[in-house]
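A.B. asks: Got these off Swiss-Prot a minute ago, pasting:
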BINDING   79, 82-83, 87, 89-92, 106-114, 118  5-phospho-alpha-D-ribose 1-diphosphate binding site
BINDING   79, 109  anthranilate 1 binding site
BINDING   91, 224  Mg(2+) 1 binding site
BINDING   164  anthranilate 2 binding site
BINDING   223, 224  Mg(2+) 2 binding site
């Protein structure tokens, strides 16, 4: 494959096959293409519009180059990020809450465009995010939760990171993170920053082995379930795709403005989540609970979002103790104790 020829084709609007996309991604992952050419290819893909086959090809390459695990009977809540709104770490809080009743392998990274990434949030709690493959399975079996740090499990991404940083725009790699959990989680809630990508990601997911994937995009532009307006939902169940909208104000009553859910940094996000779990921040509590309701539905533990919302109250109330248990087994519990003591 000649990368220059690929760039020429992409600029002419010609899409790649799944096999071609994987071969191209392999070359990028291996550092075999000069950075200026990689930048051109990523921008050309973006301008043309990434197809499901191109996404699948890149996903398969990333999975092949990742450190390997087999923890398929798990749930993940990793999303695309990049909505630019800066809400509290609701997907990570959701993962922690749901892990009380279903095994969770949370895939995540440090903040790129947000104020607090999942890795930053967990570190602020005292959780050790550097969990190698040889320890991940035992940690999951003991605690029903493990965090898989993207920088550790996708070492080949170091060949792409400088280009992505210089470009400063979303590329195909923003879509790949949530689809490349090294655990191979068969169930996932995936927040998507852009509504047009929902269908593309769903079509790609049909060929990626999910038992249940629920993609969500909430008004006004959230890559999460929205407490303010409608949430656009695409369910992938085996070979079936279903699209619909849901207004969670039917469950929570008065809508919650997104402006009440923003955070300034990881520690602030941690404090807001803990306050919510203690019943002292109603807006954040509702935000977490509706996201937990969708995760419980995705895990197959409830039949609808309303039942999930009812169960979520108990799980959210248990969060402080749940977090302390997880951190005590893998991290520095003095951090979470100090934060709890300051609230």
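Start at 1 and count along the chain as shown; that gives each residue its number.
Using the three backbone atoms N, Cα and C, a Cβ is placed for every residue, glycine included.
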A.B. asks: Within the chain of residue 223 (Mg(2+) 2 binding site), which residues six or more apart in sequence place their C-beta under 8 angstroms from its C-beta?
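C.D. replies: Once residues fewer than 6 apart are set aside, residue 223 (Mg(2+) 2 binding site) is near 79, 80, 81, 82, 83, 191, 192, 193, 216, 217.
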A.B. asks: Cβ atoms within 10 Å, counted per site: which of 87, 91, 109 has the most, among these binding-site residues?
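C.D. replies: The residue with the densest Cβ neighbourhood is 91.
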A.B. asks: Taking only C-alpha atoms and a 10 A limit, tell me which of 107, 109, 110, 164 are near residue 224 (Mg(2+) 1 binding site). These are the binding-site residues.
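C.D. replies: Near residue 224 (Mg(2+) 1 binding site), where near means Cα within 10 Å, there are no binding-site residues at all.
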A.B. asks: When you measure from the Cβ of residue 79 (5-phospho-alpha-D-ribose 1-diphosphate binding site), how many other Cβ atoms are you left with inside 10 Å?
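C.D. replies: By my count, 25.
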A.B. asks: So which binding-site residues are near the residue listed as 'anthranilate 2 binding site', with CA atoms within 10 Å, out of 87, 91, 107, 109, 110?
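C.D. replies: Hits: none.
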A.B. asks: Within 10 Å of its Cβ, which one of these binding-site residues (107, 110, 164) has the largest number of other Cβ atoms?
C.D. replies: 107
A.B. asks: Just counting, how many other CB atoms are there within 10 A of the CB of residue 224 (Mg(2+) 1 binding site)?
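C.D. replies: For residue 224 (Mg(2+) 1 binding site), the 10 Å Cβ neighbour count is 28.
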A.B. asks: Taking only the Cα atoms, work out how far residue 87 (5-phospho-alpha-D-ribose 1-diphosphate binding site) lies from residue 109 (anthranilate 1 binding site), in Å, as a whole number.
C.D. replies: 16
A.B. asks: Between residue 91 (5-phospho-alpha-D-ribose 1-diphosphate binding site) and residue 109 (anthranilate 1 binding site), find the distance joining the two CA atoms and give it rounded to the nearest Å.
C.D. replies: 12
